[in-house]
Every structure is written in structure tokens, then in C-alpha cells.
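First the structure, in the form of C-alpha cells, and then the observations on it.
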Amino acid sequence: MSEKHPGPLVVEGKLTDAERMKLESNYLRGTIAEDLNDGLTGGFKGDNFLLIRFHGMYQQDDRDIRAERAEQKLEPRHAMLLRCRLPGGVITTKQWQAIDKFAGENTIYGSIRLTNRQTFQFHGILKKNVKPVHQMLHSVGLDALATANDMNRNVLCTSNPYESQLHAEAYEWAKKISEHLLPRTRAYAEIWLDQEKVATTDEEPILGQTYLPRKFKTTVVIPPQNDIDLHANDMNFVAIAENGKLVGFNLLVGGGLSIEHGNKKTYARTASEFGYLPLEHTLAVAEAVVTTQRDWGNRTDRKNAKTKYTLERVGVETFKAEVERRAGIKFEPIRPYEFTGRGDRIGWVKGIDDNWHLTLFIENGRILDYPGRPLKTGLLEIAKIHKGDFRITANQNLIIAGVPESEKAKIEKIAKESGLMNAVTPQRENSMACVSFPTCPLAMAEAERFLPSFIDNIDNLMAKHGVSDEHIVMRVTGCPNGCGRAMLAEVGLVGKAPGRYNLHLSGNRIGTRIPRMYKENITEPEILASLDELIGRWAKEREAGEGFGDFTVRAGIIRPVLDPARDLWD
């Protein structure tokens, strides 16, 4: 089969039940409004269980007590996760004070969870508090629309505090893309904000009546930082600047990390370069990519429905030509760009506008008052006096942005007293985990609760081999859906069963190579034994500046993944 047209443009066959649900939902209304009044269950029933995802929520339960409740003949302790729409991760201090209050007063866990989708989540919202949370968000100019399910999700943007003008321009585009691709249905406003039903019929000119075949993720990235991990995303706009001013974007399409254990029809994939476009075509191109995936994506198999599979089926050139046709443009050749890193610069950084930016390391993004480390209270105190904004990073950290010289000492004092500036190793700064147990229904192994002590052990190995000043990009994800982005790490652990993980090696520091499975279904002691040996070899045999992942490839420890659609599972 030629690249020109290797497979059918549209997959024929029986549609998945999710397609029926969307079609019958009356533009995402379902019977959610009626279900809210059903006090007999703490959860949502039937289609509503899935429909609430379009409104930014997932129904979960506390898995630590699930078996115990079942023995007592009680339903699981249902509660919702809510994910806010926050393009580019920028949040005002007024908004922060509102979400702090809600988390403390109206959630089971009392925490704010920063996520690597550059936003925050509330975990443990009981059904009676579901409508109030949407109304609270609306009252401060926020919403949770389209942060889950088959839509364009929260749009990421590089958290680059140094080049303030470039960041401001890129951030504006992240917001514009997010707004342009939002669903037009009034269901969200009617159900949560009590807005009147209007007589006009709903229309979805971009997303269509059955929305997208699967989730869709978009980024705006400013080289040389790849902090947003562009290759985990469907559509990526790489900022191209001239004289410090944004002039256009390189477009990369078809990244994604989710796989299914043992299912070789699934694979992680890096995004393909389509070409360069000047700024004025940005929204037309974004819409064209989304509508092409809307029409060509596989609606008969949700495990094969993402953009990465569409590209592999129809061919990159065919998909690209269709985007050009729909947008009415021709891509120019890719402009040069390179990445040098993807971690956050923890601590104070001076921007070109003479303001300072303080990046705080938040382990696993979990903001709570811990004994001796009142992180949540500390951030609230800063929010009360800070005149700039907060920025959530795609590494689950938080930037106190735009601090004038005169305010620096005051903010630093609060941060230090609250444990927000405690010294951590470079290794801990470059490690990340998804939430997993106890709230995630898909979790197979621990991630967030496992990572801190696991990194203690890794730090000990790094010290033993004399490389404590170095780091390895290390990530843990509780299941192969891959929210922890382990499939772009130098060392990635993918949960297989309680206490067991698949160990992936051979990714690189800048996040442009998918790691291959090195060992399957192993325990923490087995993982540490493997890494002890390999870190020891890296410390002795590496070349100048050579990262751990690149070393494992050069030393022949593991073959690199060159074409993941074909060789990931070899």
C-alpha cells in the first residue's frame, strides 16, 4: 500500500455505544438535570455517568473502602472529580482564593490537585455539591466545559516566564484556540448555571452532533522548552519567533501515549510535522485538523479512535492534504526549532520586563496542608497579597508570576515558612506521577502515593553512584492510559497490577522518543535492582552531557523505538 492512501478514509462498521449515547443525548443534556435530584444514589445513572464527562467531571469512588462497603451492602462511596478549563494554566489570585475555599469546605479530600494538563482538579465532590462547584467557577469567570471526553481538552501553553512578550502572545493563542473549538451547546449553561432554554436549535458547526471520535489534546509550545510534552498531544503549534516576536507556528499532528496492555493494535506515537503557517491561519488550521479527525476518526473502536491511528490508517500526506484543503492554505516548509529541556526552573527567575517569577516545586501537584508544611494555607496567604497571577505548569508545579522587586522578600518569606521552598534533589524535580489510587477507577497500581518513597530510593542510588547533581526524567503512571506521561520518560513505570509495573527505558530528556518496555510486570525491589546496575553503568560510561535515556540506547542496553506504530511491541 502506498503512503498516498494506505487505508480507508472512513472505517465502516457497527458504531460504538458511545456514539449512540452522544447522538441521543440532545447535545449533551441527557437526563443530568433530573438525575441531580435523585437522592437515592450518590452517583449518576445510565448514560449520565459518561455524559457528565463532557461537563468536566468523572464519577469515581474511594477504592480503599470499596470492598468494605460492598460487604456492608452499601453502594461505593461515589464522588466526582472536576477538572477546570484553564488554557495555558493562568489563574488569577481572586480565582485561586475561590477554589481554595471550595476545596477546603466542599470536597472529601480538601485538596487542590495541579495536573500535567496545566489545570487543577477537585477530587471528592459529593453529588449535592456538583451544581455549586460549577456555579462557584462561573462566579469567578471559570468553567469546566470540555475538559474531558470526546472534545478538544484544556489547551496547554509553555510556562515561559523569561520571554514575557512571547509568552503573552502564545498564551493569547492558546486561549483563542480553546474558545474557537469549544462546543456550542447550551447544555452546560442550562444545567449548571440555570440559564433559560432558548428556542433556537443547537448546532455544533465544528464538533458535530456526535462530537469527536475520542479525546483530543492541543498545545502551544515555545522552544527551546518542551515542558508541555508536545508528543503526548493530537495537535501542536510550535511557536516561531523573529526578533522576540511571534510570527507563526510549525504544526505537528498525531501524538498520543495511551496503550492497552497486550493489545498490539495500540501504541504510543510521536506527532508528525505538517509544516509552517503564519499566525493569521492558526484558527482555520486548528479547525481543519479537528474536523478532519471528526470525519475520518474511527467510531467503531474507541481503542483505535485517536488522531494518531487516523494518521497511520490514511497516511500523513493524505491527512495533511485534507487539512490544507479545508483550511484553504498550503503549509510552508517546517522552520528550524529545537528543544533543550522540559523541566521547570525551580526558584526565582527574572523576566525581561524586570518582574520576577517564583516557580514552586509541588510534589505530584497535590496542594494540602501537611504536618509542618502548610502548602495550601501558604499559597492562600500569597494569593491575598500578590498583584500578579499564578501559572500552573505542565509539570504539576506552580509559578507565582509577575512579582515586582519590592514584593519579593514578602512572598519568599511566606513560601519558606509554608514549606513551599524546601530544597529537593534534581531527581525529585524531574519526576512525576498521575493520581491513580484511591480515586481513579482505571488504576492498576499505585502512582502518586508510590512516587515520593520511590524517589527516596532513586536518590540513594544516584548518591551511591556519584550522580546526585544529575537527573533522569522519571515518571509513574498507574495504568497504560498514561496520564503520568511515562511513555515519554527516560524511565517510565506503567502500572500492571498492585505493586507491579512494566519498566520502560530509552526515552530521552527532551521528550522526543517513545521508550521501549525493558522488563514486564516487576516489583519495586526488582525495578530498583535493575536501575542500580544501569545508573552505575551510566555514571561510569556516559559521554559528556549524555542523558540516561540516550546512554541506554548508545550502550546497546535497549533498542530505540524508531517507528512506534510498527516496532513499539517488538
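Using the three backbone atoms N, Cα and C, a Cβ is placed for every residue, glycine included.
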Quiz prompt | Same-site residue for [4Fe-4S] cluster (record: Swiss-Prot; known: Cys434, Cys479, Cys483; options: Cys157, Cys440) | solution = Cys440
Exercise. Sort out the sequence-distant neighbours of Cys434 ([4Fe-4S] cluster binding site) for me: same chain, 6+ apart, CB within less than 8 Å of its CB, listed by position.
Key: Asn116, Cys440, Ala447, Glu448, Val476, Thr477, Gly478, Cys483, Gly484
Quiz item: Apart from Cys434, Cys440, Cys479, Cys483, which residues in this chain have a Cβ no more than 8 Å from the mean position of the Cβ atoms of those residues at the [4Fe-4S] cluster site?
Solution: Val435, Ser436, Leu442, Ala443, Ala447, Thr477, Gly478, Asn481, Gly482, Gly484, Gly495
